[in-house]
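Marked as domain 'Radical SAM core' by Swiss-Prot: 50-277. Per Swiss-Prot, [4Fe-4S] cluster binding site is recorded for Cys65, Cys69, Cys72, and the stated evidence type is sequence analysis. The [2Fe-2S] cluster binding site feature in Swiss-Prot is assigned to Cys109, Cys140, Cys200, Arg272.
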Amino acid sequence: MNASFAPSSSFVAGLRHDWSRAEIKALFELPFSDLMFQAQSVHRAWFNPNEVQVSTLCSIKTGACPEDCAYCPQSARYDTGLEKEKLMAVEKVIEEARAAKASGATRFCMGAAWRSPKGKDMPYVTAMVKGVKSLGMETCMTLGMLSEAQAQDLADAGLDYYNHNLDTSPEYYGEIITTRTYQDRLETLDNVRKAGMKVCCGGIVGMGEEVLDRAGLLQQLANMAEHPESVPINMLVKVGGTPLEREADLDPIDFIRTIAVARILMPKSHVRLSAGREQMNEQTQALAFLAGANSIFYGEKLLTTPNPEANKDMQLFNKLGIKPEAYDVHETEEEQEAALVHQLEEAKLDAFFYNAAR
């Protein structure tokens with residue numbers, strides 16, 4: 001949160017954790033201009049509306065995931081043509097982080113396609129955290145489910161953020177995933193909080209869900225005892241070979257409504273415009289920023305789907321008068337990072353990238 005845009009006491013007092021599904025549905029049903037005005041008003045009370053947080057993401061282990069998430073090309077259950085890669089060497093990860101820092105990065109996110117890390121993996125991932133932290137960078141990981149002990153190990157290594165998405169509403173969840181329960185996800189988030197790390201948690205829209213399911217997802221997030229510091233809102237990226245490859249496109253206005261409602265419900269969180277941004281034109285992205293999105297992944301790729309080229313991002317920022325949010329080493333409540341250009345993976349994976357942070 002930008003110190004020069006500190007919220008008023010009335011907005012602080014207005015933070016809620018008791019939203020009903022009916023209240024959230026009513027927000028979704030507001031006339032579009034009214035919803036956008038309300039979201040932008042909340043956004044301006046907490047953030048500089050002309051700054052967007054910029055993140056980068058490195059896949060440290062790609063493919064061969066045993067889960068059956070219907071949207072994800074990293075699942076071993078689907079023939080998507082994605083080539084699996086084993087865990088990246090610690091030295092290589094640190095080299096990637098060093099290159100990212102040289103390009104202006106202040107925060108480095110690492111993702112692995114696992115159901116959960118095995119005991120033999122933990123020394124390597126904690127070494128990655130320590131190595132990246134030694135460069136003076138902020139760190140984030142997404143490795144699947146975590147036990148209390150694993151979460152504590154990551155926290156002890158210095159990990160700042162852990163990403164674990166809920167994906168959708170509790171009611172629709174079974175249509176998308178059967179190999180991991182909703183409660184499994186909530187327990188991992190509890191373990192992350194208990195260990196003292198910050199939470200990055202959101203979901204995916206456009207998977208065939210109803211408006212009530214989007215309301216249900218946001219209700220789960222907004223009614224947590226502490227709002228996630230980062231809330232990624234992903235638009236489904238349809239990848240050939242996955243069960244959702246022929247899913248109907250979500251209307252962009254419905255996507256913008258989801259961003260706006262997320263901003264209203266979670267005023268102090270960074271709302272991240274994440275996967276699916278490549279399919280969005282400049283006008284849709286501009287509306288998303290107006291609705292309260294203030295974080296993006298920057299660079300050529302996410303984990304398994306293409307991402308808009310970095311120079312295009314900066315061109316759009318220039319058109320809109322947006323600047324990358326500066327990182328303040330004295331502020332630890334919210335993610336803060338500067339713009340960066342960083343090659344994330346080999347070109348052979350270009351057709352198969354998707355933000356598989358789960």
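We number each residue from 1, going along the chain as drawn.
Backbone N, Cα and C define each Cβ position, glycine as well.
Worth saying up front: this structure is predicted, and the values here are computed from it rather than measured.
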Cys69 ([4Fe-4S] cluster binding site) and Arg272 ([2Fe-2S] cluster binding site), Cα-Cα, nearest whole angstrom:
21
Whole-number Å distance between the CA of Cys65 ([4Fe-4S] cluster binding site) and the CA of Cys200 ([2Fe-2S] cluster binding site)?
21
Rounded to the nearest Å, what's the C-alpha distance separating Cys140 ([2Fe-2S] cluster binding site) and Cys72 ([4Fe-4S] cluster binding site)? Just drop the number here, would you?
21
Would you mind checking how many other C-beta atoms are within 10 angstroms of the C-beta on Arg272 ([2Fe-2S] cluster binding site)?
27
Rounded to an integer, what is the Cα-Cα distance in Å between Cys200 ([2Fe-2S] cluster binding site) and Cys72 ([4Fe-4S] cluster binding site)?
19
Does DSSP give Cys65 ([4Fe-4S] cluster binding site) helix, strand or coil?
strand
Look at each of the binding-site residues, Cys69, Cys72, Cys109, and point out the one with the fewest other Cβ atoms around it within 10 Å.
Cys69
Which value does the mean pLDDT take for the domain 'Radical SAM core' (50-277) in this predicted structure?
88
Fewest other CB within 10 angstroms, which one of the binding-site residues Cys65, Cys200?
Cys65
